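Enquirer: Dropping the structure in here first, questions after.
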Amino acid sequence: MIFDKDDFKAYDADLWNAIAKEEERQQNNIELIASENVVSKAVMAAQGSILTNKYAEGYPGRRYYGGTDVVDVVETLAIERAKEIFGAKFANVQPHSGSQANCAAYMSLIEPGDTVMGMDLAAGGHLTHGAPVSFSGQTYNFLSYSVDPETELLDFDAILKQAQEVKPKLIVAGASAYSQIIDFSKFREIADAVGAKLMVDMAHIAGLVAAGLHPSPVPYAHITTTTTHKTLRGPRGGLILTNDEELAKKINSAIFPGIQGGPLEHVVAAKAVSFKEVLDPAFKEYAANVIKNSKAMADVFLQDPDFRIISGGTENHLFLVDVTKVVENGKVAQNLLDEVNITLNKNSIPYETLSPFKTSGIRIGAAAITARGFGEEESRKVAELIIKTLKNSENEAVLEEVRSAVKELTDAFPLYED
């Protein structure tokens, strides 16, 4: 590499020390935030490569600047691998984030002010699915659908009825905190019944879809978006897929020159590396283990009457737990667990009664611990440590026991092998 670690440390000790502290934190913490993962050294090498120097507005073979022959090869590799993974005819690998991907998808499908249906944030949706504080809620007339108040599952009869009443131009499916299988074919049936387009945001489950462990939305959605991190285990970024050539042209124009300038070709290269990793048979084993570990943790909570798992369990990489019988709110739980080096996030639950800054629940994800090598036994242990912490929040001796147990686990499963 052009600039090695010793040069970096000597040139900017303050920044070096901050990065070193973050590396230490990640090594010594159990990471359960469902949107986080652990990338390979190859992904980091690509993202830190000399490609960061190159400006390349446009698309392969159609650039505004010269000297782009090499980055054309890089971006084409990423595109072709993404298409192969998801069985899509067209892929745009340039979005800087999942939110950018969603923005471009909306621009390709609807006009400002159009009516759109998206999943309610408290029910498991995402900010970009119509939250009032998001560009999506401010640009389009979003109306939220929720889950059944009893089962906490998607109620397709209710969604159909709502769609027939409000006649949306677009229905958005996908979630950031829904632990069950999503039937995308039913969403397409509803969209067709009311003359709407269907967009799916599969950011959280993309790795499971890639491994064939969750039904794919690509055959049903007019446009599918995703992040490239989370369960895909790639760099932070976005990806857009479609099987419609005309929509592909609109997507490309929406990304550039619509909402972005030059693509981050070093990140595109990192996406290409991670896509190659996804195509390796070992990735399917990883994804299967993610689900096993998620279920193993959920089962521990299901056996404790002081906790309630939203929708009764999990079929993917995450689940939500109502913690209000044990601690005041999700924020309190998050902070308590931070103190014992277990990292997760507070999370609203369906029909939430507390503010989003407090919440009734926490969200637990298995992607990152699985990437480190945790199995079902270790995952059950993690769940037990969470319960032990929350039930003994004022007992420093018990909390110290938890910290020691966390250290044993993180030492046994290093973030990266030397």
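From the backbone N, Cα and C atoms, a Cβ is placed for every residue, glycine too.
Sharing the features that Swiss-Prot gives for it:
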BINDING   Leu121, Gly125, His126, Leu127, Glu246, Ser355, Pro356, Phe357  (6S)-5,6,7,8-tetrahydrofolate binding site
SITE      His229  site 'Plays an important role in substrate specificity'
MOD_RES   Lys230  N6-(pyridoxal phosphate)lysine
Enquirer: DSSP on Leu127 ((6S)-5,6,7,8-tetrahydrofolate binding site), three-state: which is it?
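Expert: SS state of Leu127 ((6S)-5,6,7,8-tetrahydrofolate binding site) = helix.
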Enquirer: Look at each of the binding-site residues, Leu121, Phe357, and point out the one with the fewest other Cβ atoms around it within 10 Å.
Expert: Phe357
Enquirer: Work through the binding-site residues one by one (Gly125, Pro356) and point out the residue whose CB has the fewest other CB atoms within 10 angstroms.
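Expert: Candidates: the binding-site residues Gly125, Pro356. Fewest Cβ atoms within 10 Å: Pro356.
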Enquirer: Between the Cα atoms of Gly125 ((6S)-5,6,7,8-tetrahydrofolate binding site) and Lys230 (N6-(pyridoxal phosphate)lysine), find the distance and write it as a whole number of Å.
Expert: 16
Enquirer: Provide, as an integer number of angstrom, the distance between the C-alpha atoms of Ser355 ((6S)-5,6,7,8-tetrahydrofolate binding site) and Lys230 (N6-(pyridoxal phosphate)lysine).
Expert: 26
Enquirer: Any idea of the Cα spread of the (6S)-5,6,7,8-tetrahydrofolate site, Leu121, Gly125, His126, Leu127, Glu246, Ser355, Pro356, Phe357, as a max distance in Å?
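Expert: Across Leu121, Gly125, His126, Leu127, Glu246, Ser355, Pro356, Phe357, the widest Cα separation comes out at 42 Å.
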Enquirer: Measuring Cα to Cα, how far is Leu121 ((6S)-5,6,7,8-tetrahydrofolate binding site) from His229 (site 'Plays an important role in substrate specificity') in Å?
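Expert: For Leu121 ((6S)-5,6,7,8-tetrahydrofolate binding site) versus His229 (site 'Plays an important role in substrate specificity'), the Cα atoms are 21 Å apart.
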Enquirer: Using a 10 Å cut-off between Cα atoms, which of these binding-site residues sit near the residue listed as 'N6-(pyridoxal phosphate)lysine': His126, Leu127, Pro356, Phe357?
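Expert: So the list reads none.
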Enquirer: Note down the number of other Cβ atoms within 10 Å of the Cβ of Glu246 ((6S)-5,6,7,8-tetrahydrofolate binding site), including every protein chain shown.
Expert: 9
Enquirer: Using the alpha carbons only, what distance in Å do you get between His229 (site 'Plays an important role in substrate specificity') and Leu127 ((6S)-5,6,7,8-tetrahydrofolate binding site) once rounded?
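Expert: The Cα atom of His229 (site 'Plays an important role in substrate specificity') is 18 Å away from the Cα atom of Leu127 ((6S)-5,6,7,8-tetrahydrofolate binding site).
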